[in-house]
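Below is one structure, written out as structure tokens; the observations come after it.
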Amino acid sequence: MQSAISLSLHSPSPVARSAIRYSSDACLPTPRSLRFCGLRREAFDLKASVDASSLRIARLNLHSKRSNLSKVFAALKGNGAPSSGGFDYDLVIIGAGVGGHGAALHAVEKGLKTAIIEGDVVGGTCVNRGCVPSKALLAVSGRMRELQNEHHMKSFGLQVAAAGYDRQGVADHANNLASKIRNNLTNSLKALGVDILTGVGTILGPQKLKYGKGDSGDQVITAKDIIIATGSVPLVPKGIEVDGKSVITSDHALKLEFVPEWIAIVGSGYIGLEFSDITPAKDGKPVQIELIDAKTKEPKDTLEVDAALIATGRAPFTQGLGLENINVQTQRGFVPVDERMRVIDANGKLVPHLYCIGDANGKMMLAHAASAQGISVVEQVSGNDHVLNHLSIPAACFTHPEISMVGLTEPQAREKAEKEGFEVSIAKTSFKANTKALAENEGEGLAKLIYRPDNGEILGVHIFGLHAADLIHEASNAIAMGTSIQDIKFAVHAHPTLSEVLDELFKSAKVKVSTSNTVAKPVPA
């Protein structure tokens with residue numbers, strides 16, 4: 001008997017939330033002594049010639065600084081000052097994924113009494129069932145690909161016998177990495193005194209919520225501000241039955257319980273592309289996939305494989321939050337928010353003291369975007385207005401070669417230019433001209449810059465090649481800080497490194513305005 005899949009896709013639907021037992025008795029990290037290495041004496045305001053007297057003063061100052069540092073750590077350990085206004089907490093975060101964790105750490109730094117509610121495990125999808133374990137598996141598959149490429153090995157003068165792998169050992173590597181990162185996140189929260197509340201969080205009304213298993217034992221707490229950070233789960237289109245054996249999602253695939261000979265990946269987003277390098281599934285019956293014409297809905301072909309990975313996207317994890325208690329209606333499961341992540345109710349009005357970050361709001365479904373949104377919200381509740389520039393947030397797909405991007409695509413930039421009346425120019429460079437890439441025999445790749453030639457504004461950067469995911473950050477930081485091309489052209493890059501791909505890219509751009517008047521002050525040798 002075969003499993004059957006008919007590919008007809010529907011919009012994301014909200015997913016019910018349920019409590020999962022959580023426990024952690026991990027030890028708190030101990031402070032480490034720090035040593036300054038390779039710093040100039042000028043960095044400490046010390047004169048080149050130091051006599052015994054000035055050295056004693058320096059030691060006293062250092063002792064004073066250490067004493068102040070101890071006070072800072074003590075303050076952090078206390079999890080901020082007592083909450084004002086009679087609330088149990090200044091800030092409560094529902095969800096302890098990457099977004100919730102980042103918000104909690106920043107909140108404590110700002111002196112806010114903070115609690116985080118988690119019904120699953122700390123780290124959320126990214127750490128436990130997503131970004132982290134998948135990168136461990138991709139690291140293995142990448143090495144296997146290289147070792148099995150005889151032509152590639154010979155180009156280095158290497159001879160490698162038949163390469164093999166231990167499935168359980170690979171699975172253990174991914175699981176151990178996820179466990180290590182999860183423990184690190186948990187320990188960091190505990191070390192700063194953040195209260196980790198176990199259970200499902202439900203909003204009861206303005207600045208009031210409960211947590212627990214959804215029974216009479218639930219605890220009611222109050223908070224001056226609340227952040228929803230519940231994330232998302234795999235989206236499975238209607239008509240597809242996931243059995244966890246031969247029809248699986250990324251959650252099942254990352255367990256690496258079995259590696260089939262022939263797998264079909266349904267979906268070509270980040271998850272689908274990355275899993276094209278990894279083909280795990282549990283033993284089961286053959287899967288029959290019916291391909292249907294998107295327009296006519298007529299059957300076109302039938303494909304039979306050992307397993308099918310459903311990678312058709314993510315659905316917001318927002319049901320059961322109690323949004324109806326504050327008159328908030330989700331849109332395809334997503335919580336509506338404004339540019340400051342403030343939640344909007346059914347009447348289009350802002351819900352006071354309630355925010356939503358990460359996958360649950362659907363603005364940009366990336367773990368680091370959730371963290372950035374959380375930090376932005378904490379700035380706001382601390383009295384500092386802050387609006388996150390989502391165009392400065394990079395994205396990466398860990399394929400081979402890697403793909404990364406930030407800002408606008410060329411069509412988006414040209415559409416914006418037409419509306420606002422400016423010109424768009426394009427610059428490109430190749431990895432084939434990069435010494436480091438050629439040394440690695442990885443010269444296949446390119447980088448593309450989309451910019452305004454009238455003022456040097458960087459509109460977008462796209463990279464396809466070796467370590468593209470690492471290289472993109474120079475461009476994303478430039479966009480975030482408003483750095484123009486005429487300024488970044490003067491940045492110095494170590495040679496020979498892959499970073500020179502970006503160096504050549506920026507230098508190849510033709511900006512019509514003169515170079516910036518900003519000149520770096522010389523540093524005495």
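Think of each number as a place in line: the chain as shown, counted from 1.
Cβ coordinates are placed from backbone N, Cα and C, and glycine is handled just like the others.
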State the disulphide partner of Cys126 as given in TrEMBL, choosing from Cys37, Cys131.
Cys131
DSSP residue counts for the domain 'FAD/NAD(P)-binding' (296-374), split into helix, strand and coil:
15 helix, 28 strand, 36 coil
Would you please pick out, from the binding-site residues Gly267, Gly269, Gly313, the one with the fewest other Cβ atoms within 10 Å of its Cβ?
Gly269
Write out, in the order they occur in the sequence, the residues of the chain not among Gly267, Ser268, Gly269, Tyr270, Ile271, Gly272, Leu273, Glu274, Gly313 that have a C-beta within 8 Å of the mean position of the C-beta atoms of the recorded NAD(+) site.
Ile265, Phe275, Ala311
Counting Cβ atoms within 10 Å of each Cβ, the densest environment among the recorded positions Lys135, His495 belongs to Lys135
Rounded Cα distance in angstrom between Gly313 (NAD(+) binding site) and Ser232 (FAD binding site) is 10
What are the DSSP helix/strand/coil residue counts across the domain 'Pyridine nucleotide-disulphide oxidoreductase dimerisation' (393-504)?
42 helix, 29 strand, 41 coil
Measuring CB to CB from Ile271 (NAD(+) binding site), give everything in the same chain under 8 Å that is also at least six residues away in sequence.
Ser250, Ala311, Gly313
